[in-house]
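Per TrEMBL, the features are as follows:
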DOMAIN    71-259  domain 'ABC transmembrane type-1'
TRANSMEM  12-40  transmembrane segment
TRANSMEM  75-94  transmembrane segment
TRANSMEM  106-130  transmembrane segment
TRANSMEM  142-166  transmembrane segment
TRANSMEM  187-208  transmembrane segment
TRANSMEM  241-262  transmembrane segment
Amino acid sequence: MLSPYMSPVERVWFYSLRILCGLILLFLVLPVLVIIPLSFNSGSFLVYPLQGFSLHWYQDFFASAEWMRALKNSIIVAPAATLLAMVFGTLAAIGLTRGDFPGKSLVMALVISPMVVPVVIIGVASYLFFAPLGMGNSFTSLILVHAVLGVPFVIITVSATLQGFNYNLVRAAASLGASPLLAFRRVTLPLIAPGVISGALFAFATSFDEVVVTLFLAGPEQATLPRQMFSGIRENLSPTIAAAATLLIAFSVVLLLTLEWLRGRSEKLRTQQPG
């Protein structure tokens with residue numbers, strides 16, 4: 001808020017900072033805003049000005065066997081990879097948060113390294129690992145590598161949730177005769193659920209949008225939606241790609257809204273925990 005006691009220099013800085021932030025936001029959002037109208041263009045080319053309004057390219061998307069196969073493959077791969085990432089990421093986060101052992105920082109760095117290692121390196125390494133096993137073009141290899149890419153997101157979100165976790169609740173459950181598994185299922189899991197679900201959503205979005213690894217590990221029968229979009233841009237540039245991109249944008253917006261809701265719920269649960 002602009003204070004009446006600001007000096008002229010402070011006022012200039014106040015407005016300059018907000019203008020700069022607005023320009024950065026525009027730079028990030030503009031490509032998204034450009035592609036959406038093109039998906040409703042009645043013309044056959046991805047150009048402005050628009051020739052008219054039409055849902056033809058959405059009809060073409062849902063009527064195409066190739067696009068529907070790619071969408072089906074994405075729906076198969078992403079949930080499976082998310083489930084694996086959620087299970088292993090949650091267990092790793094609990095072990096790294098509660099455990100105290102030599103090399104803990106190194107282990108943490110290793111398990112979140114897929115976030116910082118270039119994806120093309122992961123793709124090449126995965127291909128060189130799975131190809132000799134005869135799994136170069138298979139759903140199994142694709143799901144496993146997508147899960148590896150999603151695990152760091154689950155570890156980070158669950159670890160952040162566990163930072164404010166009251167372990168006295170688990171001790172109280174144990175004192176009442178609950179086994180470690182029962183205490184985890186009835187006490188720990190409900191309280192860290194927002195972090196688990198948030199990480200799972202990040203993992204799902206990562207898998208659903210991943211194209212680089214898919215180029216190395218997927219054949220024509222395993223092509224996912226981003227892979228099909230990439231192939232379409234190279235071979236047959238059509239507004240159908242804009243329609244597919246718009247659907248992905250809408251999906252991403254829904255994920256972001258869900259994450260924001262979960263963040264608010266997590267904060268509410270944290271404030272309700274007894275000290």
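Every residue gets a Cβ built from N, Cα and C, even glycine.
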Within this structure, do the transmembrane segment (12-40) and the transmembrane segment (241-262) have 3 or more Cβ pairs under 8 angstroms, counting pairs 6 or more apart in sequence?
yes
Excluding the flanking five residues on each side, which residues at least 6 beyond the ends of the transmembrane segment (142-166) place their CB within less than 8 Å of a CB in that stretch?
77-78, 80-82, 84-86, 88-90, 92-94, 96-98, 108, 111-115, 119, 122-123, 126, 188, 191-192, 194-196, 198-200, 202-204, 206-207, 210, 213-214, 217-218, 222, 224, 266, 270, 273-275
